[in-house]
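Read through the structure below, which is laid out as structure tokens, and then see the notes.
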Amino acid sequence: MLADAYDCVVFDCDGVLWSGGETVAQAKATLDALKAQNKKVYFMSNNSSRGPDVFRQVFESHGLGEHVKDERFMWNSVTAAQRWFKGRKTKKAYVVGCAALKDAIRGAGVTVVEPWKQMGATPEKLAEEAIDPAIDAVVLAFDKDYGYFEICYATRCLLENNAELVATNRDFQFPAQKNRKLPGNGAFVAAVCAASRREPDVVVGKPSRFALDAIVADAGVSARRTLMVGDMWSDVEFAHNAGCDALLVLSGVASLDDARRWSGITRPDFVAPDLTALLRPVERFPPAPSSSSRRWLLPSIVAAAAVAFLVSRRRGGAPPDRSDLDDATRWLTAK
Ligand SMILES: [Mg+2]
């Protein structure tokens, strides 16, 4: 079965364990079977609005609570940010995001600065105010209430204090109700990056490799023996950026047509309807057509048209028809 090739399996949550609020069928049975085979089972969501307690409640509501009794196995952008700051000497951070994220960063020994939010203040007024010169990190996470003040304060910390820039993720959109796409944290990060002429020093969420590197290290396994299971391109890139394999499940956002279109690091190693495939043999997903074969495609078609034209001239000047072109294409592209 697929899981035999791996010592550690990392699951994305939404679209994999549950989808549209419903638990994916056999999710618990699959996780139980993996644990019974002594696989290390971790979870990694890009959600940066849930602290560990709320995140665990979501697992419990889907009957999966026992798999996250130990917090070590439950990761999201909040826990990843905490992990980042535990390994740093950061003193003060300006954090845009939810209370759970601020608590997690405080839990890593960092003072979280909460400047007085001046809604609607003019740029002239904002320029009058000093920023805290001790702020040495800026953290950008999803916050539906962010506006000019947040962009301005974050930018000034970067420009005036040369603070470190940490993003929880750069997801430019997220799927919302009625099939609509709404701006994600990436839109906010892009605004700050544009204003400061800086790029993030680290992105702690997917598809950046930071969290998966940390999970692989925690599990004490090799990346090669670790499988990431997800429902989006970012899960596949997350896996490959960290040297792991990726199983794309079709129980969430991505479709089989999406997977067929993806190439390079976005091409999944396996594709299956849902996570239960872990307990069955699964064939490798075929690689994308190579760029070398695509490179020859256009010259081949042009040459085929030329051959068809010459053939038609020999036949008395009639224009080449479709079958002439097909025959010539077959001849030119035959191995
Ligand atoms: Mg997902």
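Including glycine, each Cβ sits where the backbone N, Cα and C put it.
All TrEMBL annotations are machine predictions without curation.
Owing to the predicted nature of the structure, the values given are computational and were not obtained by experimental measurement.
The active site, nucleophile annotation in TrEMBL covers Asp12. Under the three-state DSSP scheme, Asp12 (active site, nucleophile) falls in the coil class.
Summarising the annotation, TrEMBL assigns active site, proton donor to Asp14. Close to Asp14 (active site, proton donor) in the fold, though at least 6 residues off in sequence, lie Ser45, Asn47, Asp231, Gly252, each with a CB less than 8 Å from its CB.
For Asp12, Asp14, Asp231, the entry in TrEMBL reads Mg(2+) binding site.
Cβ neighbours within 10 Å of Ser45 (substrate binding site), excluding its own Cβ and spanning all shown chains: 25. The substrate binding site annotation in TrEMBL covers Ser45, Asn46, Asn47, Lys206.
The Mg(2+) site, placed at the center of the C-beta atoms of Asp12, Asp14, Asp231, has further neighbours from the same chain whose C-beta lies within 8 angstroms: Cys13, Gly15, Val16, Leu17, Ser19, Ser45, Gly230, Met232, Asp235, Val249, Gly252, Val253.
Counting every protein chain shown, the Cβ of Asn47 (substrate binding site) has 22 other Cβ atoms within 10 Å. Excluding the listed site residues Ser45, Asn46, Asn47, Lys206, the same chain places Asp12, Cys13, Asp14, Met44, Ser48, Asn76, Ser77, Asn169, Gly205 with Cβ atoms within 8 Å of the centre of the substrate site Cβ atoms. Filtering Ser45, Asn46, Asn47 by Cβ distance to ligand 1 (under 6 A) retains none of these binding-site residues. Between the CA atoms of Asn46 (substrate binding site) and Asp12 (active site, nucleophile) there is a gap of 8 Å. Largest Cα-to-Cα span within the substrate-binding set Ser45, Asn46, Asn47, Lys206: 10 Å.
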